[in-house]
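Per TrEMBL, the features are:
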- 178-210: repeat 'ANK' (REPEAT)
- 317-338: repeat 'ANK' (REPEAT)
- 351-383: repeat 'ANK' (REPEAT)
Amino acid sequence: MADKELLAATNEDIAASISIADDEDDGVDLPSLASDQLLSRKAVVLDLPMYQKDALIDIKFGLYHGNGEIPNVTKPSEEFDGGLLEQTDGDEDSSSLRLYQQLYGYATQGKIDSFKDTIERKLEADEVHDPNARVRLLSRLSPHKNTFLHIAASFGHAKLAAEIIHLHKPLLFEKNFEGDTALHITAKAGDLDTANTLLREALGAENADEVFMLLTLINDAQNTPLHEALIHGHQSVAKCLIEAYPAFTYLINKEEKSPLYLAAEEGFDEIVKLINKKAVEKKPEVCVNGKSPLHAAILGHRNNGTVETFESPKDEKGRTPLHCAASIGYLEGVRFLLGRRLSDSHQMDHGGNFPIHSASSKGHIKIVKELLRHCPDSKELKNI
């Protein structure tokens, strides 16, 4: 609450200090805050979240050119960098900078007609016949390397995103400073409408391989859009990505986790079943440090719907999922695994321990009792 009040006060202060020019008034220069005014706000701005700092910086340097209102600094989507406008040297033509500012504002607001008309008016006014002129306008980047498509997608403007792709399709594959495409940003935000729009536009490509390329592009964390959707808990977006191209669901990220592993880890049993059902080619379950998706489900105390999907492989230390469940005191998981395969209670790991030893060494009395209830002879098992 304090941050919101502080931001509101800061916005009022800035609004009192500057006057935003009207979009159609090309003869008005954008004013900026005096240096002493900026310094007086230094402590305030430093305490704000990054996306709010970015918006205030845009205002300070006259980088916003809108409808007479201070731009909304509400966070558009998780992990988005706030859309800083591209820094330019002092030699850039002021009209070009103003044009970019207008297009940026329209992208954040989802104003399709204004966005398109501004570009066309510029080309007509300059009597430009170069077919690449429109591409150059659309390809301009922010300091964080966001394109207009990144910006529109981050604010959830699916229709504008589609129009931008129609104007210049390669923007679908452009990455920002974190290696994110527009689809990565959409997956992080859980925006199903925009995700479907981006996929639909990719599917309309002359080359069907572009869909595969879009879904398999990785960011700096080596995450595909599907990884990001699962990491951020957006199952609906994850489903639409899997349905679009199931073959990429076994790719691993920097942590060597596949989407299947992540889904099991989070207990998304519907996603796990969908991946297994849709997989074009059945591959061995991708392990992380020797642990299968089943180990991930057990270690995450996930529901039996996820657990029952997998077999019972051993990890790099020879431990079965029952060893793992017993060692962390996961009673429900122990009961389920014993009911599914009782023989695992007599499996020994590389350290010579049986599941009952894993439980007793951690003081999980209820687990020990459960193991003895199912397998009374477990009390005779000795570790080596």
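Using N, Cα and C of the backbone, Cβ positions are placed for all residues, glycine too.
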Residues in the repeat 'ANK' (178-210) per DSSP class, helix first, strand next, coil last, are 22 helix, 0 strand, 11 coil
Can you tell me how the residues of the repeat 'ANK' (351-383) break down into helix, strand and coil by DSSP?
22 helix, 0 strand, 11 coil
Taking DSSP H, G, I as helix and E, B as strand, the repeat 'ANK' (317-338) contains 15 helix, 0 strand, 7 coil
Just to confirm my parser: what is the rounded mean pLDDT across the repeat 'ANK' (351-383)?
89
